[in-house]
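Novice: OK, Swiss-Prot features for this one:
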type    : residues                        : note
BINDING : 58, 59, 108, 136, 139, 264, 265 : carbamoyl phosphate binding site
BINDING : 86, 169, 223                    : L-aspartate binding site
């Protein structure tokens, strides 16, 4: 099993064989999580601190559950009551936590690159749970696992990513991962929600849902991130749904066995029809939630293995 990373900061730093290693190990954790006894000792004796500078009940709960099932001591840092709110810088917080000798830091931050900066200042492994518009690596990995289990492979597929591309770190991480795994990627969005320069990733760009969905194996819908918008990016939610919301009529242009994905939380009736989101024959949205726990377990397990090996080499060096 190949995984060389010291931290997991983005998909851009992972090679295809490392991505496959994460997915293969995550597959075994899916099986574990379906048992009555869902416990592993992969992180026994290790401390995991979750630092979420943005609210995210779903992702934080997934990381917390993943750590506990691996046997870690898990602490959720209450950022709203922390010294950060009193004026302490992110680096000061990082140095303070580093002095407590944690083993894993799971960090979500509204500023792109903030997690990379923090990782450069601590001695433990750092896992990016989403930073600004930059990356959300575990979301892309769990999406890849969901696709692989549904389609039997994660190569040579046509994947349509639809919605608010401009503000989405999920879109960026998926675009990088799917490209590394030799898939054909289409981005579908109104011009106001299509970021400049995105075509450099080798994807196809569309502003027409029906044309973009034609022959797609996978349809991945994205939430309108109104909290990141500082202007009028769409005429109205009603008009947006009419042109870019996924319903049965538009999905008919994709392949007959195309799967429907959404990273959540969903705005039903805005980016996706509620009935379609709940269709067990097409939607794998709940599968994505399940795969999320398994993928995060795999990522933390692999990072912990590398951390233990690094500390072992350091101890041998001191003894020598």
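Every residue gets a Cβ built from N, Cα and C, even glycine.
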Novice: Minimum Cβ neighbour count within 10 Å among the binding-site residues 58, 108, 136, 223: which residue?
Specialist: 58
Novice: Residue 59 (carbamoyl phosphate binding site) to residue 223 (L-aspartate binding site): how many Å between their Cα atoms?
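Specialist: With the alpha carbons as reference points, the distance is 15 Å.
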Novice: Return one of helix, strand or coil for residue 139 (carbamoyl phosphate binding site), based on DSSP.
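Specialist: For residue 139 (carbamoyl phosphate binding site) - judged by DSSP and reduced to three states - the answer is helix.
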Novice: Looking only at C-alpha atoms, tell me how far residue 169 (L-aspartate binding site) is from residue 108 (carbamoyl phosphate binding site), rounded to the nearest Å.
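Specialist: Cα to Cα, residue 169 (L-aspartate binding site) and residue 108 (carbamoyl phosphate binding site) are separated by 12 Å.
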Novice: What are the non-local neighbours of residue 265 (carbamoyl phosphate binding site), defined as same-chain residues 6+ apart in sequence with CB under 8 A from its CB?
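Specialist: Set apart from residue 265 (carbamoyl phosphate binding site) by at least 6 residues yet with Cβ under 8 Å, we have 58, 223.
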Novice: Going along the chain, which residues six or more apart from residue 139 (carbamoyl phosphate binding site) have their CB under 8 A from its CB?
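Specialist: Those within reach of residue 139 (carbamoyl phosphate binding site), by Cβ under 8 Å and sequence separation of 6 or more, are 59, 130, 169, 170, 173, 174, 263, 292.
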Novice: At its widest, how many Å does the recorded carbamoyl phosphate site span between Cα atoms of 58, 59, 108, 136, 139, 264, 265?
Specialist: 16
Novice: Name them in sequence order: residues not among 58, 59, 108, 136, 139, 264, 265 whose Cβ is within 8 Å of the mean position of the Cβ atoms defining the carbamoyl phosphate site.
Specialist: 56, 62, 129, 130, 170, 263
Novice: Using Cβ-Cβ distances, find the residues under 8 Å from residue 264 (carbamoyl phosphate binding site) that belong to the same chain and are at least 6 apart in sequence, listing them in sequence order.
Specialist: 58, 223, 285, 288, 289
Novice: Three states by DSSP: which one describes residue 59 (carbamoyl phosphate binding site)?
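Specialist: Its secondary structure by DSSP: helix.
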Novice: So, in DSSP terms, is residue 108 (carbamoyl phosphate binding site) helix, strand, or coil?
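Specialist: Looking at the DSSP assignment, residue 108 (carbamoyl phosphate binding site) belongs to a strand.
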Novice: Count the other Cβ atoms sitting within 10 Å of the Cβ of residue 59 (carbamoyl phosphate binding site), across every protein chain shown.
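Specialist: Excluding its own Cβ, the number within 10 Å is 23.
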